[in-house]
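One structure below.
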Amino acid sequence: MEKYILSIDQGTTSSRAILFNQKGEIAGVAQREFKQYFPQSGWVEHDANEIWTSVLAVMTEVINENDVRADQIAGIGITNQRETTVVWDKHTGRPIYHAIVWQSRQTQSICSELKQQGYEQTFRDKTGLLLDPYFAGTKVKWILDNVEGAREKAENGGLLFGTIDTWLVWKLSGKAAHITDYSNASRTLMFNIHDLEWDDELLELLTVPKNMLPEVKPSSEVYGKTIDYHFYGQEVPIAGVAGDQQAALFGQACFERGDVKNTYGTGGFMLMNTGDKAVKSESGLLTTIAYGIDGKVNYALEGSIFVSGSAIQWLRDGLRMINSAPQSESYATRVDSTEGVYVVPAFVGLGTPYWDSEARGAIFGLTRGTEKEHFIRATLESLCYQTRDVMEAMSKDSGIDVQSLRVDGGAVKNNFIMQFQADIVNTSVERPEIQETTALGAAYLAGLAVGFWESKDDIAKNWKLEEKFDPKMDEGEREKLYRGWKKAVEATQVFKTE
């Protein structure tokens with residue numbers, strides 16, 4: 001009887017359940033979207049119970065639709081949208097407020113106040129993160145400050161906090177396991193990534209009671225078992241947890257120091273495994289925990305690009321220049337170059353290494369001869385220039401020259417982007433056969449804990465190359481194009497709305 005690992009990929013807009021066999025191949029997928037709530041401008045929230053219901057639905061569907069029995073599931077791995085914050089009643093199990101999503105800016109004033117009080121460097125040194133509404137800590141404080149009776153209840157031990165992984169493990173285990181893993185804990189602004197413990201000073205600054213925090217565990221370990229009534233009467237080990245970008249790093253088998261993966265999703269996320277060293281960034285990168293496994297922790301440098309694949313959606317939905325995302329490739333390849341046109345897609349500001357939240361999108365170099373093809377090509381090229389910006393920052397901070405770039409996410413299907421990426425970073429780009437690397441990473445972590453896979457070497461053998469893109473552009477051309485991009489970014493930052 002064939003066994004499988006069930007991976008739950010709980011994302012920002014949908015929940016997915018994916019079955020993987022021992023070769024790391026997909027044996028079934030189910031997906032369900034859920035509602036986004038926008039109570040005020042810049043606020044983004046989810047209903048944690050809707051997320052839980054969607055997860056139950058996809059787990060049931062993937063098993064039923066693929067003629068798999070529950071006793072064929074060897075273990076469950078969970079990967080999640082990071083930073084999204086849930087606070088719930090320990091006794092009733094009900095969330096006391098909507099889940100505050102990673103994108104939400106409703107805690108900006110808390111961050112500003114802590115910065116004014118001079119604590120930015122304290123947070124940076126201990127957590128590797130920026131003092132920004134993006135991360136979970138200020139979201140917990142906001143809920144405790146704004147929900148009536150919440151703070152008193154928390155101080156009396158009546159509330160629990162968790163990122164989405166914690167919430168799902170708690171629900172699946174029938175309230176038995178209140179845990180998170182190192183990768184998710186490292187995104188909270190409350191966890192000291194050097195001591196590997198919740199930090200009392202940071203908790204005091206955020207006024208968050210320690211008793212509501214989950215226990216922090218390795219990313220690969222049996223945390224508990226499914227309560228029988230949630231899983232067809234079976235008690236299945238819940239055995240792997242990692243935040244989505246760290247899970248993708250693991251799913252890409254980036255196990256060695258200097259290994260890098262880049263995800264081209266709505267935004268772009270590049271992570272470099274820095275081994276057992278937490279590298280302090282001087283270039284606007286985040287220092288974070290990649291995963292904890294085999295009794296030790298691996299660290300990573302992370303760069304964030306705010307607009308990546310969503311630039312292609314903008315061409316389709318906003319400008320109506322294309323009817324479908326794949327069409328962008330055929331338009332881009334009809335011309336040999338952009339004829340000097342640059343698109344800087346700073347629609348919501350610029351991420352790593354600029355961190356300029358006030359910059360807005362801009363286009364440079366238009367002439368009467370500029371056609372739709374040039375414009376589309378320039379938009380696609382912008383994804384690659386931004387990736388080089390991040391990669392250069394990583395090499396500078398780590399002292400490691402990137403030898404190859406493993407890629408995943410929706411935009412990697414576009415061969416033009418992949419080739420231009422290789423050309424502009426002067427590094428080979430490797431596209432894997434299985435591009436569901438986030439879910440695969442969670443499956444691998446769970447599978448290692450239950451003996452489904454023996455070792456990381458076992459997993460590395462599963463990684464198969466679909467296509468490799470080697471750089472073909474000459475050095476002079478590459479540097480001339482990149483100088484133009486840097487000039488365009490500089491001009492974008494000069495031109496800001498009043």
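A Cβ is built for glycine as well, from the same backbone N, Cα and C atoms used for every other residue.
ADP is bound by Thr12, Arg16, Gly309, Gly410, Asn414 in Swiss-Prot, and the record lists one more residue there from Thr60, Thr266, Thr352, which is Thr266. The glycerol site recorded in Swiss-Prot comprises Arg82, Glu83, Asp244, Gln245 together with one of Tyr37, Tyr134, Tyr291, namely Tyr134.
Taking a C-beta cut-off of under 8 Å and a sequence gap of six or more, Thr12 (sn-glycerol 3-phosphate binding site) has these contacts in its own chain: Gln81, Thr84, Val101, Trp102, Gln103. Under DSSP, Thr12 (sn-glycerol 3-phosphate binding site) is assigned to coil, being neither helix nor strand in the three-state scheme.
For His230 (phosphohistidine), the nearest neighbour among the binding-site residues Arg82, Gly309, Gln313, judged by Cα separation, is Arg82. Neighbours of the sn-glycerol 3-phosphate site: apart from Thr12, Arg82, Glu83, Tyr134, Asp244, residues of the same chain with C-beta atoms within 8 angstroms of the site's C-beta centroid are Asn80, Gln81, Thr84, Val101, Trp102, Gln103, Arg187, Gly243.
Of all the binding-site residues given, namely Ser14, Gln245, Thr266, Asn414, the one with the smallest number of surrounding CB atoms inside 10 A is Ser14. Calculated from their C-alpha atoms, the gap between Tyr134 (sn-glycerol 3-phosphate binding site) and Gln245 (glycerol binding site) amounts to 15 Å.
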